[in-house]
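Have a look at the structure below before the remarks.
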Amino acid sequence: MGGESGDQKQKSQSSNTTSSSSCFSHFWSSALRAKPLSSSSEVSVRTNSGDGLIRRLGIFDLVLLGVGASIGAGIFVVTGTVARDAGPGVTISFVLAGISCVLNALCYAELASRFPAVVGGAYLYTYSAFNELTAFLVFTQLMLDYHIGAASIARSLASYVVSILELFPIFKDNIPDWIGHGGEEFFGILSINILAPILLVFLTLILCWGVGESSAVNSFMTALKVVIVLIVIVVGSFEVDTSNWHPFAPNGVKEILTGATVVFFAYVGFDAVANSAEESKRPQRDLPIGIMGSLLICIALYIAVCLVITGMVPYKLLGEDAPLADAFASKGLKYVSILISVGAVAGLTTTLLVGLYVQSRLYLGLGRDGLLPSVFAGVNPKRHTPVHSQVWVGVVAGVLSGLFNVHVLSHILSVGSLTGYSVVAACVLSLRWKGKTASQVSSATWSEGVICIFVVALGGFGAGLSYRLSASFIFLLVALVVAVLALIALLFRQVYADTPGFSCPGVPVVPAVCIFFNMFLFAQLHYEAWIRFVVLSIITMGVYAFYGQYHANPSSEETVVYYRAPEEEAR
């Protein structure tokens, strides 16, 4: 009896060990699978029961989409607040940040051209270049940024709307704070705001109505704010006193570099163009133009505004909350101050509209791939919009903006953007390696390349940490040398294939520089942001382990239809 009982116990333990090993094996086999790349010139795109998104966006729409996503209240606020520290050198800060973003945009442009017909952006690129789990991690990090960012923008928009209403005597001092400015705080984070969720409902309805209608609203509001910015630049140029530009860098080069890390996020938004791939008329041609065109317009506008604002008023006298408006008010140009408030409302509206749009398309991509419930994959057959995903995005942003003081949460922002940009640059390298596209290089060589990318990232983070902590120059130099050695290995030990469509120049140097600088900026974030990165990654792996690995289907050939460019269809 005792022997039998012992045998049964041993068999049970053996069975549990085998089951555990089997679960672990299934997890890794699922986590490491990638979405297959199509070798055909025709690019496949999933649809839901034949009902897909509709192609209505041309080059002009895509450029306005990128400008709408990037230029918000930042051009009216950030330019002045950074100038208080960097002085007129804030112009150089925007130039440096702009150059960095151009390099990132070149990477996005190549991948947008290579995957021209499907939604997903950074998530899709990662899924094809690396693996399923990494793609899911990129999605969650980006999505938390988007959700908190949307709530923050909605609150700022509500505050600006109330401020404009208070210009009229009937409303002045008669609108309670909890309507638009945010009510009394509870427990340090809760703060009621009624108007922000209402504005989100309105924008969500526009986005659900159709891409044509939402594009028209974005185009009108973006054109309005660009015109206002141009008026500000032209009028302000007549008030410039060049003596205010001396000294140009009153607090030294370090403040200019610090300013560059701050204003980098003023350019974030060009990735929205990449996420509109499935609704672009000629994606392979138009997406790279839309990405680069919108970014260059934003760079030009930011630099011009910086020169004007620092030339009008000594940098030490710039206001903190509304520096641009205060500068014109100090010159007796009150009507321009009102225009600036209107421009801020238009800017925030387009930024919020495009942000909500991008989020829904990302949810749509994951719903199609099975990493999220299939309800997110639904596309309305009449409106050709992902209504379920769009409503979900609006609800989450509405709850956050209505109940929470999102300024407290802003300390954990930007992690997703920097992570996503870095991974996109790494995707350019991975997809260029012949071992990934034509099996001409061994998996060991491919793995060596991935390790080199990781070393470049560590070098960037180490350099950023040394800079942040004002450590010895030796530490900064060591981090830089390590990154350069990894880049040399990428340059001489990997074979890079030619790509169809737009090609990022200077591969592997340009993507490696992007990764290095993005990780340098990552090191400048609040410590809470690092904790958020680790905690959210752990939660994401848990969700993937219990749901994603069992439902994901990266190939799903039975629902694939093929996209042809309009000129091919004509032939």
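Glycine residues also receive a Cβ, built from the backbone N, Cα and C atoms like all the rest.
What TrEMBL records for this protein:
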type	residues	note
COMPBIAS	1-10	compositional bias 'Basic and acidic residues'
COMPBIAS	12-22	compositional bias 'Low complexity'
DOMAIN	502-551	domain 'Cationic amino acid transporter C-terminal'
REGION	1-22	region 'Disordered'
TRANSMEM	62-83	transmembrane segment
TRANSMEM	89-111	transmembrane segment
TRANSMEM	123-144	transmembrane segment
TRANSMEM	186-209	transmembrane segment
TRANSMEM	216-236	transmembrane segment
TRANSMEM	256-277	transmembrane segment
TRANSMEM	289-315	transmembrane segment
TRANSMEM	335-358	transmembrane segment
TRANSMEM	391-409	transmembrane segment
TRANSMEM	445-467	transmembrane segment
TRANSMEM	473-492	transmembrane segment
TRANSMEM	529-547	transmembrane segment
| For the transmembrane segment (529-547), sequence-distant contacts whose Cβ falls under 8 Å of one of its Cβ atoms, 6 or more beyond its ends | 27, 31, 132-133, 136-137, 140-141, 144, 371, 411-415, 419
| field | Long-range neighbours of the transmembrane segment (473-492), counting only residues six or more past its ends (CB under 8 A) | value | 429, 448-449, 452-453, 455-456, 458-460, 462-463, 466-467, 508-509, 512, 516
| query | What does DSSP give as the helix, strand and coil breakdown of the domain 'Cationic amino acid transporter C-terminal' (502-551)? | reply | 39 helix, 0 strand, 11 coil
| Recorded stretch, among 62-83, 216-236, 289-315, maximising Cβ pairs under 8 Å relative to the transmembrane segment (256-277) | 62-83
| remark: The recorded stretch from 186-209, 216-236, 335-358 sharing the largest number of CB pairs under 8 A with the transmembrane segment (62-83) is 335-358
| note | Comparing 89-111, 123-144, 186-209, 216-236, 391-409 for Cβ pairs under 8 Å with the transmembrane segment (335-358), the winner is 216-236
| field | Result, the transmembrane segment (289-315) in contact with the transmembrane segment (186-209) (3+ CB pairs under 8 Å) | value | no
| query | Which sequence positions outside the transmembrane segment (289-315), separated from its termini by at least 6 residues, show Cβ-Cβ distances below 8 Å to it? | reply | 59, 62-67, 69-71, 75, 79-80, 83-84, 86-88, 90-91, 94-95, 98, 101-102, 105-106, 108-109, 112, 226, 229, 232-233, 236-237, 239-242, 244-245, 250, 263, 266-267, 269-270, 273-274, 276, 280, 323-324, 326-328, 330-331
| query | Counting only residues 6+ away from its ends, which parts of the chain sit with a Cβ under 8 Å from the transmembrane segment (391-409)? | reply | 147-148, 150-152, 154-155, 158, 182, 185, 188-194, 196-197, 200-201, 203-204, 207-208, 356, 359-360, 363, 376
